[in-house]
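Per TrEMBL, the feature region 'Disordered' maps to 1-59, 242-267. Taken from TrEMBL, the feature compositional bias 'Basic and acidic residues' covers 13-23, 242-251. Under the heading compositional bias 'Basic residues', TrEMBL lists 24-36. The annotation compositional bias 'Polar residues' is assigned in TrEMBL to 47-59. According to TrEMBL, the domain 'RNB' annotation covers 496-850. Per TrEMBL, the feature Mg(2+) binding site maps to D508, D517. Per TrEMBL, the feature site 'Important for catalytic activity' maps to D516.
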Amino acid sequence: MKSVVLAEQSVKTGERIENGDKEKKKKQRKTNRRSKNTSDLHVEGSNGRTSGSKPKDCTSLTKQQRLDLDNTSELEAMRASNVAFNSTPPMYFDGRAESCYTRSSGRSPPVPSAEISRQLLSKSCPDPRDCEQSPRMDGDLFQQIEGSSQRKIFSSHWSLDAVKEALEKGEAFKAPFRVNAHNRIEAYCKIDGVPTDILITGNISQNRAVEGDVVVIKLDPFSLWPKMKGFVTENVAKSEETNISPEKDKPLSNLGKGEINADNKNARRKHAVDVAEGFGNGPSTNKSSVIGQGAMNCVGRSSTPLLESCLGSPSEQKGNCTAVEKLCAILSSFPYKRPTGQVVAVVEKSLVRDSIVGLLDVQGWIHYKEGDAKTSKSPLPLSDDEYVQLIPADPRFPKLIVPFHVLPGSIKARLESIDPTLKAELVAAQIMDWGEGSPFPLAHITHIFGRGSELEPQINAILYQNSVCDTEFSSGSLASLPRVPWEVPEAEVQRRKDLRDLCVLTIDPSTATDLDDALSVQSLAGGFCRVGVHIADVSYFVLPDTALDTEAQFRSTSVYMLQRKVPMLPPLLSENVGSLNPGADRLAFSIFWDINKEGEVIDHWIGRTVIRSCCKLSYDHAQGIIEGTDEMLRNDVAENGWPALHGSFQWSDVIRSVKQLSEISTILRQKRFRNGALQLENSKPVFVFDEDGVPYDFVLCSTKVSNFLVEEFMLLANTTAAEVISRAYPDSSLLRKHPEPNMRKLKEFEGFCSKHGMDLDVSSSGQFQESLEKITENLKDDSVLLDILNNYAVKPMQLASYFCTGNLKDNVAEWGHYALAVPLYTHFTSPLRRYADIVVHRAVAAAIEAEMLYSKLKQTSIEEVRGCFTGIRFNKDAAESMEGKEALSVAGLKYGVPSTEILSDVAAHCNERKLASRRVKDACDKLYTWFVLKKKEAKISLIPSVQVFPCEARVMNLGLRFMTIYISKLGIERRLYYDQIEGLCADWLEATSTLILNKLYFKRGGRGYFKPLKEVAYIVSPCDLCVAKCSAMSVNDTEPSEGVPKDEVAPAVFPLTIQLFSTIPVVLHAVGGDDGPLDIGARLYVTSYYS
């Protein structure tokens, strides 16, 4: 109660001060109207207290900076006055609510007395030294932008020693920083071992972290955690009927609007006591739960009592369980709560900081200079303290400040001449500094690509932003390659198993040039089949610690962009001597499995081989064989576009092999799903390119049975390789793990399905897949809705990643792959395009070599010990014997099996490069879609310059402010915002979850900014539509047109009633290019006479 009394005294004291200063404030209003730039900013001083900055500090800012500060809504949330006071919930006494001070009220928040301020701040900053401002880095450069202002927006980052101490005590957590692409002020941190990510809301809490950083975060008090969206279970329903009210337990930033009453205050207190009794030091640790951490931008290093009530004291953590385990226990006990926190340090800066791509805000610069020109008779020279803003193409990054004196000469000259075409130039910038007093990062231009509306500059920018090396291979790498024409040395043939007489074939995309996997099948007695997977032996050419190995490791993966490829290995290797081209002798790793009719693997063999592929089939060829009949045997397949055959094999051999492989893969696939595997796939658009490589159309493409055929055997090969290397080298094997889904998103999906009458069991991957199969069966007639559900199901899934087994030796349970439902998995089947596969190949080669060395040490024949390290039954006694250890060690050194430390770095780099490759693919897909829409003719537009693409969309999500729609033709999601639109009335009916959109035929009154209607709706007149249709009809047409042709989309009419899963007409259009970042815009397609 002491803290409550202090808070009451603080508020009352603040009211007395405010009432006493009313007349003084009235006198100042005229001055404030003249210049909003000189309004008081309540900032945090070096002692951790809030104070008003002096007018001279604000007037020292440059004119341009003051203009930006006024016009930037982002800064409103970063004012220290808002942080210090809006973050403290309003107190209720005797049923009355104290006055709430918001930005819109125009009044300053009450200022407590110095003594009460000290007491309040002591609760949030146990050690005042923790809040001292550290010396600014790169101060000279920053001072030119900031002037002499010394205000502080962000808190100081903790020192490395403080971070290390806090991590050891469990007072803070290390995690990657991810930003919401739809809302940059929302970010997430996923702590290893914690099923729910931590929400970091607001610029102040994010504390200058950017997308991709590795940060250290400190959790907010438990009482401030909001309710998890979409959580609906019996436990929550029961808690809402009692004094535990998740709905009212909101973050401080959402309080202050009369939402806390006496019952809610008791509920908060009950929450804290329950947590303290369960995981903390008892109810006594919860004395200051009402005040919490008053000044959120003053983050102390010492653990607060509230945090200890959540996680327990450091001494307690050392005794029984770790902070992560305690946090998991809290989330398990309160699954409806969403943990929140704030960034206290950035320990690893993202590489993307060095290559942020965007467009310069030239229009803002011109507007600023024109304003100067009106007040000056002669042109003003550009000064070094001026700057231009850079708008990133990726919405997850903040705007950047580029000082004028660090601009490249060409850009500087074009700015001086006020060249309006400069706004179309796509540039890249590097973040140099982000000080505690700067709302935006400081940057400098590093690269100029060209016009943003052209394909080549955009692709180059995508590669640059993701640090993809697309330069020529070094001379040292090329010197490591064999000369062509190349043949397999006879000595190498003798050391390997010769499979050149076996019917081996490849199945790949028709445009593939790097063929790194092939298949074979043989029928055995007793109904068994022997299936072989043959993978290109790239490790034979890429030896450890060579120039070629170094460059391959640096590139880590090939990057594919449909019409262009950035290879990991030189084309001479990846497309010639290393590729399993038909009719050529090639080196390979082969795995054979003896499989029975039920799909059970009875035995396997793995070794190095020499093969010769008989033909190169595409997926379409294989699909035709699977669906075809014996009629193919009587036709001339060569004339029908089929590939040539090599060797002594006939098409009957190929057809038999493909059909038999398809049957076996179907059995294996069904068995895998019965064992709990998960499969989530949607139809994807395939782009059609012209002769110049520019996309002009797209078609939907679904996965074929032939794709599943290849996939199933590749999964089996990867699993087998993982078993072999993890048993032979348990401390230095490169595996791939896939953690369980994100609990928060999974609960949202579960709540979504429950709300709409669909049963979903998420207790395991197997139950999840079984539930989805039942839902799929019920929705088999609605493929679009099925795609929507698959999209929702994919969102909770976390990314798979490479790891070194030695780092998780004590946590073998974390080695598993959730989606595949297997305990061990790796990448083995694509060594021509993934460096991780080469590393795995070396470990497999070492295990095979170790068997031969072991037989020599034991003085026995190789047949007696064959398979002891690589067979289906691992001989643990042999591996742990003195001879076995020596054999494995010598073989590991020979083939370059890395140590745990080195392999950990390799795994981290492979993970980073694989993510970059995925980002490139996604960005290119979006880019190609943009170009297709840009080229589409406006069939319904009366304005030639406005090009739109009408199509149907399904409503995925619906609410008060916006709806999320799914465009099945492109397989993409978009948001439509309809709040604060001039000329549009949006009525949200909460009881029925229904939205009614209608056109307003009068202008809104009152103050506030409303967007024009054209931003959310594309409105055409019925008369214009009729004229357009009539002009498109042939003169010879005699039958009247009934309705709209099947290939066209009919516009909607006002009023428009929308519910979840409704089908609505929309138009898509290309946004940006020369005047902004590229995007795919979506608007409602409506017809009205009042257009």
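Quick reminder: no glycine exception, Cβ is built from N, Cα and C everywhere.
Feature map: TrEMBL annotations on the structure.
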residue : record                                  : Cβ neighbours (10 Å)
D508    : Mg(2+) binding site                     : 19
D516    : site 'Important for catalytic activity' : 24
D517    : Mg(2+) binding site                     : 22
Integer Å distance between the CA atoms belonging to D516 (site 'Important for catalytic activity') and D508 (Mg(2+) binding site): 9
Stretch-averaged pLDDT - the domain 'RNB' (496-850): 91
